[in-house]
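Taken from TrEMBL, the feature domain 'Cobalamin synthesis G N-terminal' covers 54-134. Taken from TrEMBL, the feature domain 'Cobalamin biosynthesis central region' applies to 139-221. The domain 'CobE/GbiG C-terminal' annotation in TrEMBL covers 225-342.
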């Protein structure tokens, strides 16, 4: 996690310094700012811009923001930038005496509740968390989705799930994936055609094709790796067309895509990088030696081996990217682009 903290007084600066040191020991990357007159004394970064400009920059750059001061300052500072709970960073507020730490924004998906608890445990402050499912000790679909890396198909449907949970109504769940752990009492696991008295339910699948409930929330695990090879200079659109066509052949949502993988010779291939930027998926590359160690039966190409040093790029990179998963689509070649798909092993895990 990348966190930016800001304080405004000497007491706040002293606390800022201490929290920075504690969080860094926990592996959190902290950029701690304060007023210029306190910065040198406490080893903090001087705040040389307006708080508005600082907040604008940090909102884009960081995973979490910590305001040490009045909650009103934090509210006014973040107000112009709050947009979408799926993208907004966690925002936490702490008073300058370190008595209370408050989860202010993005409690579940952004991780503010978790961060609040961490800071409270490290400092002895009293955590203040107000999200209804937490207060009532209920199943929280957004926390569940975040922990399992699930794409939430519709936030309005997610809110309906939470509302029904709080109203003590059963939530249906349909999935073909294995289920591990104790299923929360709020959830009723169903077979695909099993009758259900409730109106709201979740489908965990690699697409959004089935909606068995009146109110269906689609949750999509990101477990598909697409291995890509291409001639140098291929346009983004050609690469995108090849990937989407192959995903569509297997009824896989673009949101099931976990990563794109290829050989390190393609690390700067603009068309692939542009595709990854558009769909916000990481791009991993492997050396020819690493690809040659991939286990399985692959489609060999003497030409590819002569150029790259390994007999197949797309299938082997898909397997490595999926952590030795299942190759569900062998090499498909068209117009100088090769694509293969692999799916890693995955299960629905409840605590």
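Cβ coordinates are placed from backbone N, Cα and C, and glycine is handled just like the others.
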(request) For the domain 'Cobalamin biosynthesis central region' (139-221), give the DSSP counts of helix residues, strand residues and coil residues. (result) 20 helix, 26 strand, 37 coil
(message) For a three-state summary based on DSSP, what are the helix, strand and coil counts in the domain 'CobE/GbiG C-terminal' (225-342)?
(response) 50 helix, 32 strand, 36 coil
(request) Count up the helix, strand and coil residues in the domain 'Cobalamin synthesis G N-terminal' (54-134) according to DSSP, in that order. (result) 34 helix, 19 strand, 28 coil
